[in-house]
Every structure is written in C-alpha cells, then in structure tokens.
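Features as listed in TrEMBL:
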- 37-57: transmembrane segment (TRANSMEM)
- 78-97: transmembrane segment (TRANSMEM)
- 103-123: transmembrane segment (TRANSMEM)
- 135-161: transmembrane segment (TRANSMEM)
- 188-205: transmembrane segment (TRANSMEM)
- 212-231: transmembrane segment (TRANSMEM)
- 251-273: region 'Disordered' (REGION)
Amino acid sequence: MVEFLEAIKRPLKTDLTTVVLGSIFMGFHVLGGAITVIFGSILGGILSLLSVLVHGLGIEASRRTIRNDHSMPAFDDYVDLFFSGLMVWVIGVLYFLPAMIVIAFGVANSFPLIFAVFHNAVWQPIQALQGMLLLILNGAVYGLVALVLGILATLMMPIAVQLYAKNKQLGDAFKFPEILNVVATKEYWMSWAVLAGYGVVLLGVSTILSTLSLFILAIPALGVSSYLWWITWYTLFADVTHEVMGTHKHPTAKHHAAKATHHKKGRFAARKR
C-alpha cells in the first residue's frame with residue numbers, strides 16, 4: 001500500500017543540514033530561472049544547475065524506496081548525486097525529444113506559408129487568405145501531435161526515472177511495457193492527485209509568506225517548497241513502482257515454488273516405487 005502521508009513527511013526525516021541545503025539549492029534554481037527570464041543571463045542557467053543535486057538526492061531516495069528502505073538520504077557524495085541528477089535531465093530530454101522535433105518541423109513548415117501570406121497580401125488576397133488558413137491548419141496539426149506526445153512523456157517519465165533509479169542503468173528508463181503497467185494503476189493517478197493538492201498548499205503558503213515579508217522571503221519560501229515537493233514526488237512514484245512491480249513478481253515466485261514442490265514430490269514418489 002502506498003503511504004501518501006509518510007511520503008509527504010519523508011523530506012523532513014533527515015538532518016537539518018540536508019533540509020537547509022536542499023532548500024538553498026532549489027532556491028538558487030528559482031532565482032536562476034528568474035534571472036534567465038528577466039535578463040537572459042547565463043548566470044541564471046549556472047544557478048539552476050544546483051537543483052541537479054536535489055534530483056540526485058531524489059534518485060537515491062527512490063532507490064532506497066524501491067528496495068523497501070524508507071530512510072531519507074543526505075547530501076554526502078556530491079559527485080554521485082550530481083551525476084544521478086543530471087541523468088534525470090537526460091531522461092527528460094529524451095522523453096520530450098519527439099514532441100520538440102514535431103514542434104521544430106511545424107515551425108519550419110510555417111515559414112514558407114508566412115512568406116506566401118505576406119507576399120500575396122496586397123495583390124492576391126484570396127491566395128493570401130488560403131495561405132492563412134493553411135498556416136492555421138499547419139499549427140493546429142503539429143501542435144496537437146506535439147501536445148499528445150508531451151502528455152505521454154509527462155505521464156511516463158516519473159516511472160522511467162524510478163526504473164533508472166533502481167539499478168542506475170539508462171536503458172531501464174525505456175522499458176515501456178513495465179512503465180505502462182505502472183501508469184495504468186489507480187495508485188499512480190492517486191499519486192498525481194496528492195502531488196497536485198500538496199503543490200497547491202505549498203504554493204499558497206509560499207505566496208502568503210512572500211506577501212507578508214514584502215517578497216523578501218519569496219526565494220527562500222519557494223526553495224523550501226520546491227525541495228519538499230520534489231522529494232515527495234520521487235518517494236511517491238518510487239513507492240508506486242515498488243508496489244506494482246512487487247505485486248507482479250509474487251505470482252511468478254509462487255509459481256516457481258509450486259513447481260519446485262511438485263518436482264520434489266515426483267522424486268519422492270519415484271524413490272518409493
């Protein structure tokens with residue numbers, strides 16, 4: 001059974017240093033995102049890289065959960081944590097790559113249509129109108145395909161990350177039958193519902209603290225909220241993966257045990273004869 005409340009409490013079941021560092025790293029991620037959006041500075045991207053360590057910590061939390069160990073890891077081996085967190089980004093890019101390719105093709109196909117619309121706008125308005133309709137249709141088709149692929153990637157990636165965390169093998173993140181088997185369970189969808197509700201609560205608390213402090217505490221509050229939410233995210237989906245895969249392994253184990261018992265009985269019967 002998936003323990004939703006325990007998953008929410010887990011990020012705090014560690015030493016204070018881990019909680020503070022996780023919140024600081026995610027706070028820098030929020031700050032880096034703001035700097036990138038406002039100023040377009042490379043500094044924002046560098047600051048955002050610190051969140052990789054939190055995702056590495058999440059991978060270790062998932063790894064333990066799948067092995068039925070619910071203890072909370074700490075920040076110790078930073079090189080290993082950074083590499084594990086970086087692999088989460090790699091998996092994310094690979095899963096969303098089909099949607100990005102479709103968008104790129106859609107944009108590329110739009111340029112000739114845009115040129116045709118402007119070229120015919122004055123002297124051939126009918127053709128310009130036809131070009132505009134084709135431009136809208138082009139955007140709708142490519143946009144719809146990209147949206148479907150993006151939704152599929154969003155649904156599959158959480159379990160793909162858990163399968164990677166189990167043995168830290170990149171190929172495991174693309175075991176689609178196992179991933180879909182987990183996605184099809186009610187526990188998986190309940191986890192998303194819990195995470196959505198928890199995210200709303202955390203965002204609400206962060207907004208209140210930011211407003212009361214005249215936005216002085218905005219970055220720290222969002223950093224703490226992000227750390228709590230992401231570790232809960234890793235824990236819940238790891239718990240669901242462990243629950244589903246463990247359940248599916250039991251019948252096989254029983255089957256092998258039954259076969260072994262049957263063979264033993266056969267040998268005993270042969271000896272008696």
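Backbone N, Cα and C define each Cβ position, glycine as well.
Just so you know, TrEMBL annotations never went through curation; they're auto-generated.
A quick note: this is a predicted structure, and the numbers were derived from the prediction, not measured.
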The transmembrane segment (135-161) touching the transmembrane segment (212-231) per 3+ Cβ pairs under 8 Å rule: no
Range from 37-57, 78-97, 135-161, 188-205 with most C-beta pairs under 8 A to the transmembrane segment (103-123): 135-161
Cβ-Cβ under 8 Å with the transmembrane segment (37-57): same-chain residues at least 6 beyond its ends: 18, 21-22, 24-26, 28-29, 31, 73, 75, 78, 80-86, 88-89, 226-227, 230-231
